[in-house]
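Features of the protein shown, as given by TrEMBL:
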BINDING   93, 117  substrate binding site
DOMAIN    127-298  domain 'D-isomer specific 2-hydroxyacid dehydrogenase NAD-binding'
BINDING   172, 173, 193, 228, 229, 230, 231, 232, 254, 280, 309, 310, 311, 312  NAD(+) binding site
SITE      256  site 'Important for catalytic activity'
SITE      309  site 'Important for catalytic activity'
Ligand code: NAI
């Protein structure tokens with residue numbers, strides 16, 4: 001069986017650190033196992049354009065493994081050209097880089113390693129909220145420059161205590177963020193999701209659901225985005241919605257870059273409509289060198305907490321999603337049922353509500 005894996009190149013870091021399992025060098029730790037069963041494994045980071053390894057080998061691969069950190073974009077066109085493709089496995093969580101509707105139509109299954117990195121991301125969200133609210137990045141940059149001017153930082157530094165925090169999407173990650181915010185004594189925790197939290201779960205974190213998105217953002221000091229990218233969430237945070245944010249609110253997005261309009265966010269930050277933006281996800285990955293989110297700033301020269309896409313690929317997360325990919329493949333080879341929570345597209349239909357209400 002031909003298996004194609006599009007992963008990110010780890011360079012010398014991956015040679016030195018074998019726990020970087022999600023790289024082209026360490027190949028999720030599955031090469032020997034696959035080859036011992038007679039399967040062919042092609043691994044590459046070369047994913048763009050018709051001449052790329054991805055676009056050549058997708059034509060006859062039966063299994064495609066991709067990672068959200070260096071997404072191999074499986075477009076409708078490629079789905080149609082892929083003659084043998086039966087199953088796509090996302091090494092991680094978030095399969096928006098795959099044309100899911102095209103996979104439904106063609107009977108291709110799509111699976112993720114659900115839950116594998118949700119704690120990793122939730123921790124990153126809480127860290128990002130704190131670094132924006134407390135104005136951490138400019139403070140650190142000042143120290144590196146050799147300067148010391150406390151008031152330049154303190155004039156835009158606040159406590160998280162007493163603030164209203166809201167999450168757009170309250171699934172595994174969104175809920176874990178609310179759990180991790182408990183000791184900070186926020187004024188209120190809010191969520192916007194078409195799925196209600198079970199009563200005991202919302203009581204446990206003392207969170208209130210807000211049914212209207214404009215209503216949610218207008219009440220929040222901090223907004224965190226934790227829903228998947230799909231037709232209903234692409235560009236959800238756009239110029240119009242940003243007008244309804246509280247002036248000076250902070251926005252954290254570790255879900256997917258394309259959920260927020262890049263130019264509208266950069267303009268809102270520059271104008272001070274929002275005081276900060278942080279996250280690790282970009283509308284195209286790797287992001288171009290001139291992407292506005294790399295350098296955008298608020299009027300005081302701070303408010304940017306952007307990093308490359310890594311929140312869900314800590315070494316702990318890589319161990320979990322590599323093991324999860326192996327288990328999904330094992331089930332596929334032996335015909336065993338897959339874990340229901342891992343199935344995004346089952347046989348010809350969506351198996352989850354997370355990618356939009358249908
Ligand atoms: P989940 O499936 O447990 O939760 C997603 C929630 O979003 C669900 O409750 C769903 O009802 C809600 N939702 C969907 N559409 C919505 C909409 N239009 N408005 C409001 N809520 C909506 O997924 P999980 O595990 O919490 O992951 C969420 C997303 O986080 C992933 O799809 C992925 O895009 C991103 N992610 C990012 C990572 C990173 O490294 N930055 C790593 C893992 C996930």
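Our numbering is plain: 1 for the first residue shown, then up by one each step along the chain.
Glycine residues also receive a Cβ, built from the backbone N, Cα and C atoms like all the rest.
Note: TrEMBL annotation is automatic and uncurated.
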Give the maximum pairwise CA distance in Å, whole number, for the residues 172, 173, 193, 228, 229, 230, 231, 232, 254, 280, 309, 310, 311, 312 listed as binding NAD(+). 25
Return the single residue from the recorded positions list (172, 256) that has the minimum number of other CB atoms within 10 Å. 172
Across every protein chain in view, the count of C-beta atoms other than its own within 10 A of the C-beta of residue 193 (NAD(+) binding site) is 19
Can you tell me how far the Cα of residue 311 (NAD(+) binding site) sits from the Cα of residue 117 (substrate binding site), in Å? 8
Pick the one among the binding-site residues 117, 311 whose Cβ has the fewest other Cβ atoms within 10 Å in this structure. 311
Which whole number is the mean pLDDT over the domain 'D-isomer specific 2-hydroxyacid dehydrogenase NAD-binding' (127-298)? 98
Nearest recorded site to residue 309 (NAD(+) binding site) by CA-CA distance, among recorded positions 93, 117, 256: 256
Out of 93, 117, 256, which of these recorded positions is nearest residue 229 (NAD(+) binding site) by C-alpha distance? 256
Quick one: of the recorded positions 93, 117, 256, which has its CA closest to the CA of residue 193 (NAD(+) binding site)? 256
Inter-residue C-alpha distance, residue 117 (substrate binding site) and residue 254 (NAD(+) binding site) (nearest angstrom): 12
Counting across all protein chains shown, how many other Cβ atoms sit within 10 Å of the Cβ of residue 309 (NAD(+) binding site)? 23
Reduced DSSP state (H/G/I helix, E/B strand, rest coil) at residue 117 (substrate binding site) is coil
